[in-house]
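This report concerns only the one structure given below.
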Ligand code: ADP
């Protein structure tokens, strides 16, 4: 059922008598007046489809920019719904709901890539400004289409193939000498939908099982990674594009745990190549808003450092959270400016280096110490730590917040300084997870 958050609050109000019913109607009438006024007069309205932390942090920037933001949320308790004045409760897989939230918006954008493209095509046909558009989004929704399109553009990607049956899998196993990474074409996130089978038998079994469950598959060569990088760029419908410095990202069990910007010790040529690649992809695929190009750094046959594209995300991305405290313009602000086709902000660094460490729900159980107390302890030890929480409950390995920590402006980003910054950001994030210092530190 679609409904305004405050409508549903009204409908659950007791109305045993006529006077109660009347009072409830009055409140409903007041509410519709209040709702109109909830939009900044004369300011653009951006509809964000999605209710997670990315929508929440876009909303935060919308406040600063004097914009109105509306979110289509699955529940009133969702991360973005908690902090947004204009929340519509509904389902992004329901066309009527998507239409309802979009009709009067100046731009419609997303915090995920899963809205069915046929709905978006209909919105566009009805004259609604959808950014990014389905012709771009398809390349972030389907990993096989993405690989095919990137190859056409001449972008480096690992060797890949479609997997329609176990024969395809057996032949790819033979071609790659058993270096196989199997992926669900759609719907994967945080490493869900990525498998590294140890034997051909295991690959065959996996493929048979997944195809039986109607999971469309592809396979690609398993790369021996030097590390993972991310190239973030924002682009407007008019074609202005601005890239941030390349970020290094660290993944554990398929989940991003840390990002460092600028990527330390980086080979200048690879860096330029990665930045240029992100611009080319944004332009050629006609991406609008923020594009994150996740990259693998590896050694080629000659032993030289090289990059290939792992994945594209067409929205603000976890590897860009550092921009909130380390760049003149954050990725969330830039995304809003980009989808509204407004001039883009500077992507210059405001600190020699910034580290972002994710706060993931504890593996076993949430510690008894309340989160606000954990935050106080972190601030006492690391007063420069910027903690960003998403208003989410604990669940094992769930992303519930992140910590950004920057080097002071006058401290050069030497290897030692960056290594120390990484340790401190990690310590702070780990404390928020476990309520104890992983280095055994005790307050004097
Ligand atoms: P998701 O869509 O779940 O984020 P990804 O395709 O980004 O999945 O893969 C998750 C992680 O798995 C990557 O960040 C990387 O660490 C590892 N990975 C994915 N593909 C490969 C590959 N071809 N070779 C080596 N590692 C890979």
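Every residue, even glycine, has its Cβ placed from backbone N, Cα and C.
Source: prediction; values computed, not measured.
Residues annotated as region 'Disordered' in TrEMBL: 1-23.
Residues or ranges marked as compositional bias 'Low complexity' in TrEMBL: 10-23.
Under 8 Å, Cβ to Cβ, and six or more positions away along its own chain, residue 311 (ATP binding site) finds 140, 143, 146, 293, 294. Residues or ranges marked as ATP binding site by TrEMBL: 143, 183, 220, 221, 222, 223, 228, 310, 311.
Annotation comment: TrEMBL describes 147-340 as domain 'ATP-grasp'.
Spanning the residues 143, 183, 220, 221, 222, 223, 228, 310, 311 that the record associates with binding ATP, the maximal Cα-Cα distance equals 18 Å.
Summary for the binding-site residues 143, 222: the Cβ-based neighbour count within 10 Å is maximal at 143. Under the DSSP three-state reduction, residue 228 (ATP binding site) is assigned to strand. DSSP gives residue 222 (ATP binding site) a coil state; it is part of no helix or strand. All protein chains shown were included, and the count of other CB atoms within 10 Å of the CB of residue 220 (ATP binding site) stands at 23.
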